[in-house]
Each structure stands twice: as C-alpha cells, then as structure tokens.
Amino acid sequence: MSTHYIAGQWRPGQGAPLQSLDPVSQAVVWQGQGASAAQVDEAVNAARGAFSLWAAHSLDGRIAVLERFAAALKSHADELARAIGEETGKPLWEAATEVTSMVNKVAISIQSYRERTGEKSGPLADATAVLRHKPHGVVAVFGPYNFPGHLPNGHIVPALLAGNCVLFKPSELTPKVAELTVKCWIEAGLPAGVLNLLQGGRETGVALAGHPGIDGLFFTGSSRTGNLLHAQFAGRPDKILALEMGGNNPLIVDQVADIDAAVYTIVQSAFISAGQRCTCARRLLVPQGQWGDALLARLVQVAGQLKVGRFDEQPAPFMGSVISLQAAAQLMQAQADLLAKGATALLAMTQPQADAALLTPGILDVTAVSERPDEEFFGPLLQVIRYSDFDGAIAEANTTAFGLAAGLLSDSKARYEQFWLHSRAGIVNWNKQLTGAASTAPFGGIGASGNHRASAYYAADYCAYPVASLESEALTLPTTLTPGVTL
C-alpha cells in the first residue's frame with residue numbers, strides 16, 4: 001500500500017507494519033508500513049528543497065491554495081467524517097463538526113496572519129520602521145488521535161500560510177484521516193515537497209523529532225511525550241517548539257438556581273467525545289451539604305442514561321468509544337486504583353463488551369482520597385471533590401501542575417471575578433461548558449499543559465518570526481554629525 005507522501009509521490013513504507021482498527025468492531029480500517037529513518041530523511045530533504053520557492057510565493061498565491069483546500073474538504077466532507085468516526089469511534093454527528101472546524105480554520109488562519117503576523121510600518125525620524133515576518137523553514141507537525149483532522153490542521157494551515165514547508169506525522173491510531181486530508185491538499189494544487197506525510201509509530205516519530213534538518217516542531221498530544229520533546233529540544237534556541245499537552249481540568253459548581261442547566265453543562269464538559277478532549281473536566285468541585293447532594297444525584301441519573309454506541313449507530317449516541325481497547329483497559333484500571341485508595345463510586349464506569357472500546361460514564365467521589373494523582377485520565381471518568389468554602393474550592397482547583405482549562409458554574413459575577421483572578425489556567429469559562437472555546441481566541445495553557453497557544457488564532461505567532469527594519473530609499477548624510485566625527 002502507498003502509505004507516505006514524499007516529494008509529491010505516494011510511497012510504500014519501509015518501517016514496521018502499521019494498521020488502524022475500528023475501536024468497537026476491531027475491523028482493520030487502514031494498514032501499511034511506517035516510515036523508516038531513511039524515508040524521514042528523504043522527506044526532510046524534499047521539504048528543504050521546496051522551501052525557497054514556497055516561501056517566495058506571494059501571500060495571495062498561498063491563500064489561493066488554502067482556499068482550494070477548504071473547498072476540497074467541503075467536497076469530501078462525508079468521506080472524511082466517516083473516516084474520523086471509523087478510526088476514533090466518535091459519533092458521526094460529532095465527526096461532521098470536526099470537518100466543519102477544519103474548513104473554518106482556513107479563513108481564521110488568514111485573518112490571524114493579517115492581524116498578528118502581517119506587515120506593519122510607520123514613520124520614525126527620517127526613516128520608516130517596518131515589521132515583517134518570515135517563515136522558520138521546515139517544521140514537523142505531530143498530530144493527536146482525538147481530533148485527527150482538526151488539531152493537526154490547526155498547525156499545518158498557519159504554517160503553510162506563513163511560507164513554511166511541513167512534515168506531517170499523524171497519530172499511528174488515525175492514519176486514514178491523515179491520508180484523506182493530504183489528498184485534499186493535493187487536490188488544492190499544493191506544490192510537491194511543501195507538505196510531506198510520514199505515517200508511523202515511535203520509530204518514525206523519534207527519527208523525525210531528532211532530524212537536524214527541521215527548524216521546529218509543533219506537537220499536540222500527551223504530557224509524557226511532550227515532556228520528552230521539551231527535554232530533547234532543550235539547549236536548542238535555534239528551533240521553535242510549540243506544545244499543547246492537555247490538563248487535569250477543574251470545574252467548580254456554586255449553588256446555582258437551575259440544577260438541570262448545571263447538570264447539562266457538566267455532562268458536556270466531562271463526557272463529550274467520551275472524555276477525550278484535552279479541555280474536558282476531570283475534577284468536579286461540588287459544595288458540601290444538601291444542595292450538592294441533590295446536584296450529584298441528578299448528575300448520576302442523567303449520566304447513567306447517556307446513550308453510548310458505535311459511531312454510525314442510529315439513533316445517534318451521545319458518546320462513542322474511546323480510541324482503543326488498550327485505552328479502555330487503562331481507564332478501567334485508573335478507576336480501580338482510585339477505588340482502592342478510598343474513592344466511592346457514585347456511578348461506576350463499565351465496559352459492556354470486553355472486545356469493544358465502549359465505556360459508560362464514570363463518576364467517583366474522591367474527597368476521601370488523601371493522595372489524589374495529578375493525572376489526565378483521558379476518558380469518561382469524572383472525579384468529584386466536595387468543598388466547604390469557595391476559597392478552598394479555588395485552592396483545590398489550582399492543585400495541579402497542569403493549567404489548561406478551568407470553569408465555574410455560578411449565578412454570582414463577583415464569585416466569577418474572584419475565580420478568574422486566582423485561576424491558574426489559559427482558558428477560564430463561566431457558566432459555559434469547559435470544552436467550549438472561541439475560534440478567534442488563543443487556545444492553550446500554562447505549566448505542564450504546554451507552551452505557546454497551539455493550533456488556534458495565536459498559531460500565527462509561532463509559525464513565523466518577526467523581522468524589524470529601519471528603511472530609507474535614499475542614503476543621506478545627517479545634518480548634525482555625532483560628536484567626535486569629522487567629515
């Protein structure tokens with residue numbers, strides 16, 4: 001099978017065998033072989049060879065290619081959505097929204113480039129001060145499995161717009177989505193070598209991340225891998241590194257008037273995408289007492305009735321599967337570990353079929369657990385912590401090395417202002433689901449959640465570097481010379 005796209009040609013892989021599976025049926029969706037180190041080298045050289053012409057291409061010319069890419073995505077939307085559903089397990093309705101986000105990223109990136117990294121000038125004494133931006137050169141993009149189209153697209157589109165050439169290494173769990181996306185770029189007329197696709201697992205990733213021919217790496221994925229990349233790039237100020245690594249996100253519930261509105265927002269925050277969004281709520285902070293008890297009882301009732309099913313099931317499920325049987329097993333083990341440490345199951349997460357990666361929502365009260373792990377349990381497992389006062393709830397919310405998202409459900413603006421002031425997160429929401437974000441806002445966090453603001457409006461900032469110039473069309477002698485100089 002032709003697995004990789006290098007220098008404008010589809011090539012079979014020379015590395016380890018690779019296949020993606022439908023996480024529910026375990027049917028093979030895609031198969032091939034990963035890229036070898038030699039093929040990584042070939043792809044880097046192809047990108048390096050294409051860079052000068054692509055960077056010299058006019059901005060309008062690059063925009064035209066991007067807009068044709070958006071048109072290709074629209075024309076293949078159903079095929080892409082089905083591939084996303086097949087490989088990730090997310091319901092078709094949700095997969096379709098991901099394709100829409102991919103399309104919209106083009107216009108957003110163009111607007112962002114013009115506003116944040118376009119050309120600006122102004123008079124300065126007898127010269128003109130000009131700010132322009134240049135592409136870094138050849139950059140690697142490592143994509144995640146949870147949004148295999150949208151999230152790598154959020155790096156690739158602004159990188160190409162800025163004039164970079166790209167080496168795209170998708171998750172080894174979602175190669176089909178990556179292949180279809182690259183075919184849309186080909187349909188758009190992207191020149192050979194400007195975008196190269198390298199499928200593969202660890203072997204391919206290590207070879208690409210360590211290649212001396214790349215000028216930077218843009219990564220969305222696990223904290224573990226992101227930390228390894230950060231250590232690898234330490235001491236290399238000549239290379240740009242952008243990381244988005246998820247979080248252990250808190251959602252505080254104040255005593256609100258509308259319990260059902262709170263429950264619905266919690267469900268959307270914790271269990272959308274089967275809990276496989278980096279901004280999903282992992283910790284729910286609920287006040288002690290009768291009102292908090294009533295909220296949790298209603299939450300357990302609603303969460304226990306959520307429809308879970310295969311991606312193309314009709315009527316459509318709210319939740320699909322997690323990405324793999326291995327991921328399901330790890331989540332079930334995480335629940336068992338928390339229960340062994342003293343947690344109480346308000347709603348036990350279950351795996352109805354041993355041979356399918358479908359999990360039902362889990363809600364555990366971990367208030368009594370003295371040493372709660374500061375980990376991102378990437379699935380439908382929500383931890384509840386009861387609090388006695390609002391100051392204590394904010395302090396508890398901040399007890400994490402991560403800092404991606406935090407939220408508050410409250411009828412009090414004063415409490416939200418207090419929460420916003422003291423929250424340690426890059427995304428802070430009030431009375432909105434934690435997974436919600438504006439496309440024109442930066443996306444990312446602080447601490448162990450990463451650096452820069454990956455794959456969103458501020459992606460333009462790390463896809464090009466600023467060049468400041470003082471310019472004058474004529475070389476003239478100043479009327480007053482510097483003291484000590486005689487001409």
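Including glycine, each Cβ sits where the backbone N, Cα and C put it.
Small disclaimer: the values here were computed from a predicted structure and weren't measured.
Swiss-Prot annotations:
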ACT_SITE  GLU244  active site
ACT_SITE  CYS278  active site
BINDING   GLY221, SER222, SER223, ARG224, THR225, GLY226  NAD(+) binding site
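Neighbour density around each Cβ, counted as other Cβ atoms within 10 Å, peaks among the binding-site residues SER222, SER223, THR225 at SER223.
Under a cutoff of 8 A between CB atoms, and with a sequence separation of 6+ in the same chain, the neighbours of GLY221 (NAD(+) binding site) are PHE142, GLY143, PRO144, SER171, GLU244, MET245.
Within 10 Å of the C-beta of GLU244 (active site) there are 28 other C-beta atoms, taking all protein chains into account. DSSP classifies SER223 (NAD(+) binding site) as helix under the three-state reduction. Nothing from the binding-site residues ARG224, THR225, GLY226 places its Cα within 10 Å of the Cα belonging to CYS278 (active site).
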